[in-house]
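Can you read through this structure? Questions will come right after.
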């Protein structure tokens, strides 16, 4: 008689493996799946005195209505997506360029040390980043104003200039994160076979042509993988970066407020739970739909690149 | 035979050295600014602002910090405790998970991998998560609130799975099975020793994350004695800025030791010191992790 190979059979055959995996599965069940029930918070009138979610008053879409009417939703969405697109484009451009240049440097020590230095900012905390920003741009003692004064120019108060922060946030994002993707690109370049370069040399291609026609196209796979990961998270902001650079400085919100910082402030600073939950649910669901759409399109174009 | 370098190669190299050198300087400059400011006397900073080279060299800021070191040491203690416990526990769970998920004879490995991966695609958002930790798990104001949230990530589990998959040949596991070893014995007798480089990489990613975490202190800890190091620093910076703005606005003269400008910078150095010190030794593990993570998804 043929044995039925169902879940139970597998459970008893590999019970030790199951037991070893169980803590991890429970962790994700509690830590990630259980809070999904909490999406219901967005549909109730939040009550600080009650700890039972299902005893709170159901209000339907009222929280979303408030959020929509506040006019913040469009601004937050555009800021979040806008910054992410700028990050994706610039970080890839910069890290590919530097990786290609770095790979052609012959000095072994120079190469090692500079690669380490370029990767270093990734390792410091975002709190240190905020110290750096303060050190550079604070009105009274900042390096920028010290230099400006020495040159005889008027000092600038950047903390009241929202437009400047678009550039500052992008620059500091690059400063902190470009080393990370550069290391990945550099590893891909190291894996390219020398034969291509030798053949191109024999054909008379100079070093610029070799970089442009061999190295850069070889990075396509890595680029696509990194791009798709980034696109999947396009509604998730760099909360640490924005919060540590801007904090609760309302003067700068018009250009620097993203969905994550708004949700955090609603939860911890203004205690506007209705807004916080509604904005959070909007972010989760809209983000999920975006990932599904991107993934479906990719699957149609090239199955191998699909995220799942 | 030595091939003579053509002029385009020379230009390319020149460009490469220039760009890479300039980039490296830009990456280092902010650290130099902080270190320099921490070594400048507070009066000089107030008078002239921050400088790249200390105009009035002084160790006062560091002396001030170590005059009453209790708070710094306590914050260090919290961070070290959270980092060590979190990293060890996370590593134990993730190595077991990674090992099971790469076993070809484990039938539901793809299903369970997706169960874990799916959490990166969709989640409940910050408010339900906050409620989970404070209302349901009751972790508020405890070390658990700092350890639990970062214990495992799908990225690190998948990284661990790839590491074990490439470090441990299937035949080794199979022959051990034939010899009668059970799966757990295989895990800690055979798989763990072979996966040491992977352990180092994943462990360091995790430890770095714990060390640099300030967010979970901000969310879940109200008791200043339990702040992580980074949040302790964050708090000092914000308190001084706040006091300065009140003082300037209302003409209030503050009594007592208000953290000075140079002291803030010295504190930043004290907080980041261990990372900068260890960085040369640990960075290659991160490079390795990124390489494997990117190649194998």
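Yeah, the Cβs are placed from backbone N, Cα and C, and that goes for glycine too.
Under the heading domain 'ABC transmembrane type-1', TrEMBL lists A:77-294. Among the features that TrEMBL reports, transmembrane segment is placed at A:16-43, A:81-105, A:117-137, A:164-190, A:211-235, A:275-298.
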Which range out of A:16-43, A:81-105, A:164-190, A:211-235, A:275-298 gives the transmembrane segment (A:117-137) the most CB pairs under 8 Å?
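By the under-8 Å Cβ criterion, the transmembrane segment (A:117-137) pairs most with A:164-190.
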Please determine whether the transmembrane segment (A:211-235) and the transmembrane segment (A:16-43) are in contact (criterion: at least three Cβ-Cβ distances under 8 Å, sequence separation 6 or more).
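They are not in contact.
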Go through A:81-105, A:164-190, A:275-298 and flag the stretch with the largest number of C-beta pairs under 8 Å relative to the transmembrane segment (A:16-43).
A:275-298
Short question: which residues 6 or more past the ends of the transmembrane segment (A:275-298) have a Cβ under 8 Å from it?
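Sequence-remote neighbours of the transmembrane segment (A:275-298) are 39, 41-42, 46, 63-64, 66-67, 70, 72-73, 76-77, 228, 231-236, 259-260, 262-263, 266-267, 305-308.
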